[in-house]
Amino acid sequence: MELSVAMYGLLCLLFSQAVPMCVPTDYTLYEERRECDFCVAINTTICMGFCYSRDSNMKELAGPRFLIQRGCTYDQVEYRTVILPGCPLHANPLFTYPVALSCHCGTCNTDSDECAHKASSGDGARCSKPLRHIYPYPGLNSYIHPN
């Protein structure tokens, strides 16, 4: 009995490394420009999940080899551009946003990715103007243009 419990625990420990914990996840961006008439909800995917990290509390003795800081970040990303509806002629109606195609656990590349989490205000308000939805599939409306 004890052996089967130990084997089950070992299998769970080994299997947890094979289960993807960092995956593309559906997310809605809200873009509102002062000069345009509408707030736009854009459905996309972002990288979200948990990655193994370790930070020793004895860095002075152990050195950097015990410091492992990884986050869930883009492996492959595609950028798409939408035309924001209700913008006047003098305003640029184009908005480009990332779509996560695949993700991995690794260090964040600050040259190309946003690596810090921005806290929301918590009031639940996303838009102050009327809302329009932009869909990720080009056939659903005429506002999206793939790059």
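Placed from the backbone N, Cα and C atoms, the Cβ positions cover glycine too.
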| request: Pick out which of Cys87, Cys103, Cys105 Swiss-Prot lists as the disulfide partner of Cys47. | output: Cys103
| message | Say which of Cys72, Cys87, Cys105 is recorded by Swiss-Prot as the disulfide partner for Cys36. | response | Cys87
| message | Can you look up which of Cys22, Cys39, Cys51 is joined to Cys127 by a disulfide in Swiss-Prot? | response | Cys39
| remark: Among the candidates Cys12, Cys105, the one bonded to Cys51 through a disulphide according to Swiss-Prot is Cys105
| According to Swiss-Prot, which residue among Cys72, Cys108 is joined to Cys22 by a disulfide bond? | Cys72
| query | Around Cys36 (disulfide bond), how many other CB atoms lie within 10 A of its CB? | reply | 20
| Closest of the disulfide-bonded residues to Cys39 (disulfide bond), Cα to Cα, picking from Cys51, Cys87, Cys103? | Cys87
| task | From the disulfide-bonded residues Cys22, Cys72, Cys103, Cys105, Cys127, pick the residue whose C-alpha lies nearest to the C-alpha of Cys36 (disulfide bond). | result | Cys127
